[in-house]
Amino acid sequence: MVKKGQSKRQPWVKNLYSNREYPDNYTDASFLKDLRTNLHCRIYTFGEAIAGITVLNNQISCITGFLILYQLMLSDSVSPTTILVPSCGITGIGYLCYRGRSLSWALLGEDSKTLVTVVLFGYLFSPMLHTLTQAISTDTIYTMTFFVLLGNLIFGHYGLDVAMVSKAVSLNAAIFGAICLASRLPTSYHAFVLLVEAAVFFVLYPIMTEANWHAGFMVPIFSMCCMALYCISRPVLYLYASTTIFINFVCPFIFVWQQQYKFNIHGPWDEAIVEENTEENLDGNL
Amino acid sequence: MRICMVSDFFYPSIGGVEEHVYNLSQMLLSLGHKIVVLTHAYGDCSGIRYVTGYLKVYYLPIKVCYNQCILPTAVCNVPMLRAVLLRERVEVVHGHSAFSALAHEALMVGSLLGLKTVFTDHSLFGFADLSAALTNNLLEVNLGMVNHAICVSHIGKENTVLRARVAKNRVSVIPNAVDTALFTPDPQQRPSNDIINIVVASRLVYRKGIDLLAGIIPRFKNTPNINFIIVGDGPKRDLLEEIREKTNMQERVHMVGAVEHNKVRDFLVRGHIFLNTSLTEAYCMAIVEAASCGLQVVSTSVGGIPEVLPKSLILLAEPEIDAIYAAILIAIDRHRKSSFKVSPPVANGHLPSEANGKAKRRRRRKTDTPTSPTQLPASSAPPADQNSPAEPVMCPYRCNELVETLYNWEDVALRTVKVYDRVSNERSFTTSELVFAVWQHGSWFLVFFVVAHFLMRLLELWRPRNRVELAQDVQRPVS
């Protein structure tokens with residue numbers, strides 16, 4: 001389209017009102033010179049990826065641990081009290097660690113009030129919760145539990161602020177799963193213990209780990225789950241262990257390997273980013 | 001030539017695309033082409049209507065899904081679109097706006113019918129988020145089936161070439177224009193005392209940078225004689241009202257609300273400075289309209305804005321509060337320094353009472369000067385330091401004349417006709433070429449494409465092409 005040999009032409013300028021001598025579909029040599037790629041891209045190392053994925057694995061182990069306790073109670077190999085007492089002890093230690101220096105009598109009073117309320121009401125309502133889903137067939141219960149616990153995994157908060165994440169949905173799914181399972185246990189005391197365990201595994205333990213997570217925290221819960229599964233069922237142990245290892249090592253490897261394909265385009269057409277005025281920062285900006 | 005403009009956006013909706021389609025159609029009509037506009041029904045506004053200048057508009061009875069767009073089903077409206085295109089004996093289908101699902105569908109139907117297709121892209125897109133990635137893929141598929149694409153700025157062309165992977169020589173840059181006869185200056189409307197009015201005219205939404213504006217207004221809290229006129233409405237209006245209240249500037253910040261497009265000039269002429277804070281913009285008609293009304297434009301330097309106006313008409317700033325504030329101060333300084341006496345040259349036709357541009361347009365017709373200048377008047381002048389306040393502000397009437405030399409719809413229409421001529425000399429796509437194009441750009445779309453193709457074959461049997469009743473052309477009265 002561009003005719004060569006037109007020597008007297010004025011140089012092409014990047015504006016919309018000059019360049020009368022050029023055809024409209026003329027493409028200048030300066031085309032796309034402002035294109036930038038991978039401006040704000042962060043390339044993760046293999047170590048970072050492995051350490052990061054442990055958060056998800058921890059949640060999977062959490063669910064596994066909870067289901068192990070359920071299985072132990074269902075098969076009557078362990079009495080509910082043997083589960084309740086150690087977990088109360090561990091919770092107490094965990095509480096002290098969590099509060100640490102900031103612990104004071106007033107704070108302790110506040111927290112124990114909450115604890116008493118929850119435990120008391122849990123105990124009062126456990127007969128009702130125990131029979132709530134009793135009429136539903138066991139297969140339905142297990143299927144439903146599978147899906148709600150999967151929901152717990154999907155909506156869980158792993159430190160990313162995206163639209164999918166909802167702590168409320170995630171927690172409610174887990175508690176709902178616990179209530180479903182509680183109806184399969186023999187007594188309402190069993191059901192109460194299961195709900196307490198649900199609270200420990202899905203509420204308190206995540207609070208603890210979220211505050212200061214370290215990839216090494218994965219090791220104790222993983223080995224405990226493995227030991228328990230070794231006694232309960234070998235196939236499940238292999239499944240659990242291989243899943244964890246796959247997620248923890250193979251997935252990060254794929255992720256790191258795929259990073260070479262990162263191709264993020266930036267240019268003058270990008271929307272400028274300005275701080276949005278919200279209720280909070282409005283007064284500060286004035 | 002018989003051309004069909006397709007877009008979801010047309011009157012009674014108001015915006016940049018609507019105006020572009022309307023003005024371009026009017027100009028092409030007056031150049032002797034036959035134009036049909038296709039859009040979806042707007043509430044009561046449905047059926048076939050004629051608007052100004054016997055422009056025929058089909059308001060197709062299709063339900064609106066989201067944001068004035070129809071549900072993008074790709075195949076559901078094929079029979080209707082085919083009927084219209086055949087009835088009107090269309091030769092070129094011209095779709096507008098990447099957001100318009102109707103335009104994409106009509107372009108597909110057009111290319112299946114063997115017609116020539118042209119697409120105008122009016123917007124810029126990022127590449128970062130999921131919705132942009134999806135839209136870009138759809139656009140890529142559709143532009144694969146289009147003979148020629150038109151963008152409104154060079155940035156737009158870069159953007160379109162990148163995101164739709166079209167060949168560079170298949171994309172033309174044809175800017176928008178402004179009817180300078182409608183946007184004439186009227187300095188008598190400006191406050192006679194020492195007050196300087198800053199006008200803002202845009203929808204009050206995030207993309208127009210209203211958050212920046214909300215940061216700028218409080219800076220003038222202690223500067224008397226600076227007033228704001230804010231034209232437009234939107235979700236961010238509450239924010240501006242809150243700012244106004246908190247800074248005690250109720251008297252000085254005039255919130256007008258939504259205004260019809262033909263009334264915007266009444267507010268523009270009252271100001272000295274026009275402020276545009278958009279965060280992204282392919283062309284930005286608002287600044288051209290303001291410059292045409294003789295205002296000193298201050299704008300963020302984003303997207304295609306730096307290409308639009310010469311340095312003598314615009315002060316560019318980075319999209320940050322401090323930079324824009326500094327640019328406004330320079331503009332104010334220029335106004336205070338220059339303080340020219342405005343005396344509209346009566347002999348020139350610029351009578352103060354001339355509210356609408358009829359007289360001016362008549363004059364333009366009469367003289368019939370070639371409206372495309374070979375060189376810009378300002379470009380010959382030595383490049384002055386852009387940000388020096390010493391440079392005087394330009395006379396509003398000079399501004400208007402300058403803008404008129406830069407942009408007018410006649411020029412846009414002539415350049416668009418060149419594109420039409422070009423595509424009509426091209427061979428139209430064969431079905432196998434189309435299938436290959438779709439396969440290359442997004443094979444998932446083949447599902448829809450194949451359905452549409454067989455639907456067309458079926459319709460060919462059911463309602464053969466030669467049996468379609470042709471529409472009567474209304475004879476345009478010679479003016």
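Using N, Cα and C of the backbone, Cβ positions are placed for all residues, glycine too.
Of the listed segments A:83-101, A:140-158, TrEMBL assigns transmembrane segment to A:140-158.
Sequence-distant neighbours of the transmembrane segment (A:237-257) (same chain, 6+ residues past either end, Cβ-Cβ under 8 Å): 44-46, 49-50, 52-54, 56-57, 60-61, 64, 218, 222, 225-226, 229-230.
Within the chain carrying the transmembrane segment (A:213-232), a Cβ under 8 angstroms from the stretch's Cβ atoms is held by residues 50-51, 54-55, 57-58, 61-62, 64-65, 68, 71-72, 240-241, 244, 248, all 6 or more beyond its ends. Beyond the ends of the transmembrane segment (A:114-133), by six or more residues, the same chain brings 141, 179-180, 182-183, 185, 187-192, 195-196, 199 to within a C-beta distance below 8 angstroms of the stretch.
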